[in-house]
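Taken from Swiss-Prot, the feature signal peptide applies to 1-22. Taken from Swiss-Prot, the feature disulfide bond covers 58-104, 277-328, 505-522, and the record attributes it to similarity to another entry. Annotated N-linked glycosylation site per Swiss-Prot: 115, 157, 295, in sequence order, evidence recorded as sequence analysis. Among the features that Swiss-Prot reports, active site, proton donor is placed at 323.
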């Protein structure tokens, strides 16, 4: 979108204060006016255009229509059978949705088109999109345009919007290993992700602390690796529910099973998988990363990731590869002998690379792509050209802007997470620092910058569980959402604060216990139900 068009849209926003300019994230182009139309909840409908490729029976939109009707009006239509203000001709009793391309039963993907246009004027109320995924984004925007007068009447202003995401991958990571998050917490998070136009749920399922994923191929992993196999696990049905719940909101589920490090919870369920650590010439009784010297290790990984590849439908799996501590490998005589046999000398990065390359070959054979943490790139592991590198370190070994330059110069696609670790909290409006991050602020060619496909906000679970997850996430994660959706030029903090504060109040109205941005109040304060 041209800079002049964007400036025009911002000038309009300043000229017409009100609900129509309180959108989050901000669209690529918006033109609005003070002309408003009345909406009567008891008669309002979402309708399919006669020419739409999606019609009644489209699960994604049928459910979205009901969901947004409930969000907008709840039981208002039944409590107020007649509006307080007098009925007149300037009313809107429907939003007509026209989807160009069929695809109601598919899963969203990295290449999904999310563009939409929204036109509300005297002649029509029309949401036009190429796909159902774009229609979902447009429905969220429409829901934020509707406002209610003090007398109780609903309105929507005359508006034209053309919108599309700046980046195709806009993710949120949840860590369900260090603290187990109940299924309801995950589903609630997916709801709020959709309100913010996030489209990737990065599910960091397992880690050193616990293994809550219920494996049907290796049930002992869960029985012996979870905090409590009766209560603190995600069953096969739970996982299916998360995947489908996310799909209906246009959200991909990117499952992460991090190896060879971060795997202590795997050990009890798979004897021999982890490396025995030594103290001198004797085992110390402790264990380190996955043992890369045994054929049994790769036989296990082959079978396990065959299961994972069938359970999770997304093309990509996240294979981790970060923070591998070599201390245990160095102490183990069998590992030392294997290194000598392979000609690795004392370079344990070569051993790590051997393991990861073998694992990547296994996963590739199942027709999957993969995302890895930046250490895989830093340690010069040979990976496929279509590998996605997730940059998470802020300053070590280099600052993240330099890392992005290095990754893209090598021709790899990149995701940025380094400045967006939301589990790191400070007193005051830390959302501003989050908001002002510019993902492409590194030295590189246009071709390099095109390889940055987006980023993720991360909520690691050392000090986060279901008691504090929601207020720690929201509305702070929204700052990341807008940075990944909106035009680069949308960066004014005053403009952002007014809209984000309004959006936070809207989240409260929707039942989300989002924390305040500063001093102030909302017309509808949060009430625990």
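Numbering starts at 1 and runs along the chain as it is shown here.
Just so you know, glycine gets a Cβ as well, placed from its N, Cα and C.
Shown on the structure are the features that Swiss-Prot records.
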{"residue": "58", "record": "disulfide bond", "DSSP (3 states)": "coil"}
{"residue": "104", "record": "disulfide bond", "DSSP (3 states)": "coil"}
{"residue": "115", "record": "N-linked glycosylation site", "DSSP (3 states)": "coil"}
{"residue": "157", "record": "N-linked glycosylation site", "DSSP (3 states)": "strand"}
{"residue": "277", "record": "disulfide bond", "DSSP (3 states)": "strand"}
{"residue": "295", "record": "N-linked glycosylation site", "DSSP (3 states)": "helix"}
{"residue": "323", "record": "active site, proton donor", "DSSP (3 states)": "coil"}
{"residue": "328", "record": "disulfide bond", "DSSP (3 states)": "helix"}
{"residue": "505", "record": "disulfide bond", "DSSP (3 states)": "helix"}
{"residue": "522", "record": "disulfide bond", "DSSP (3 states)": "coil"}
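Taking only the Cα positions, the spacing between residue 505 (disulfide bond) and residue 277 (disulfide bond) is 53 angstrom. The two recorded residues, residue 157 (N-linked glycosylation site) and residue 115 (N-linked glycosylation site), show a Cα separation of 21 Å. Residue 295 (N-linked glycosylation site) sits 19 Å from residue 277 (disulfide bond), taking the Cα positions as reference.
Among the recorded positions listed (104, 115, 277, 522), 277 has its Cα nearest to the Cα of the residue listed as 'active site, proton donor'. In the structure shown, the C-beta of 328 has more C-beta neighbours within 10 angstroms than that of any other entry among the disulfide-bonded residues 328, 522. Under 8 Å, Cβ to Cβ, and six or more positions away along its own chain, residue 277 (disulfide bond) finds 283, 284, 286, 287, 288, 327, 328, 331, 332.
Taking the Cα atom of each, residue 58 (disulfide bond) and residue 115 (N-linked glycosylation site) are about 19 angstrom apart. Within the same chain, the residues at least 6 positions away from residue 115 (N-linked glycosylation site) whose Cβ sits under 8 Å from its Cβ are 129, 130, 134, 163, 164, listed in sequence order. Close to residue 104 (disulfide bond) in the fold, though at least 6 residues off in sequence, lie 54, 57, 58, 59, 60, 61, 132, each with a CB less than 8 Å from its CB.
Take the glycosylation sites 157, 295: by the count of other Cβ atoms within 10 Å of each Cβ, the lowest one is 295.
The 10 Å shell around the Cβ of residue 505 (disulfide bond) contains 21 further Cβ atoms across the protein chains shown. Counted within 10 Å of its Cβ, the other Cβ atoms near the residue listed as 'active site, proton donor' come to 13, all protein chains included.
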